[in-house]
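Below is one structure; the comments refer to it alone.
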Amino acid sequence: MWFPQIIAGMAAGGAASAMTPGKVLFTNALGLGCSRSRGLFLEMFGTAVLCFTVLMTAVEKRETNFMAALPIGISLFMAHMALTGYTGTGVNPARSLGAAVAARYFPHYHWIYWISPLLGAFLAWSVWQLLQILDYTTYVNAEKAAGQKKED
């Protein structure tokens, strides 16, 4: 799955570069005052929030799964709002690579945009697994039942 996504990211970067006049301005770069370690952790937590949202809304079996795109889109939007000024918001290595290839600009810290999403996905998966082990659905269902009793 990685290879086609990387090819698509480079194709999208090339297409965006071809459609916009002048220099490519959509590459990921650390903002002024943002160190590599801060960038690493910001990207990691942004990716973790996105991945955790996907796990809780699309992977978990519920009646509301048909609406999973809404919270996923909102979490991606919030990640961009929070991180763009600091890191350019990579969140996806293929997107970061595509923009870097189109701009022919690979900063010495480009590795952040590859390592952070992997760490963030692992963090989100770990929290999700912990919730599975703790059987959080028991508490959610008990709270739903208590809420329905109040209404009756």
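Just so it is clear, glycine is given a Cβ too, placed from its N, Cα and C backbone atoms.
Swiss-Prot assigns Pro4 and Glu63 to topological domains of the same name, so the membrane does not separate them in that record.
Long-range neighbours of the topological domain 'Cytoplasmic' (1-5) within the same chain, counting only residues 6 or more positions beyond its ends whose Cβ lies under 8 Å from a Cβ of the stretch, are 94. Secondary structure counts, DSSP: the topological domain 'Extracellular' (27-38) has 3 helix, 0 strand, 9 coil. For the topological domain 'Cytoplasmic' (60-65), the model's average pLDDT works out to 74.
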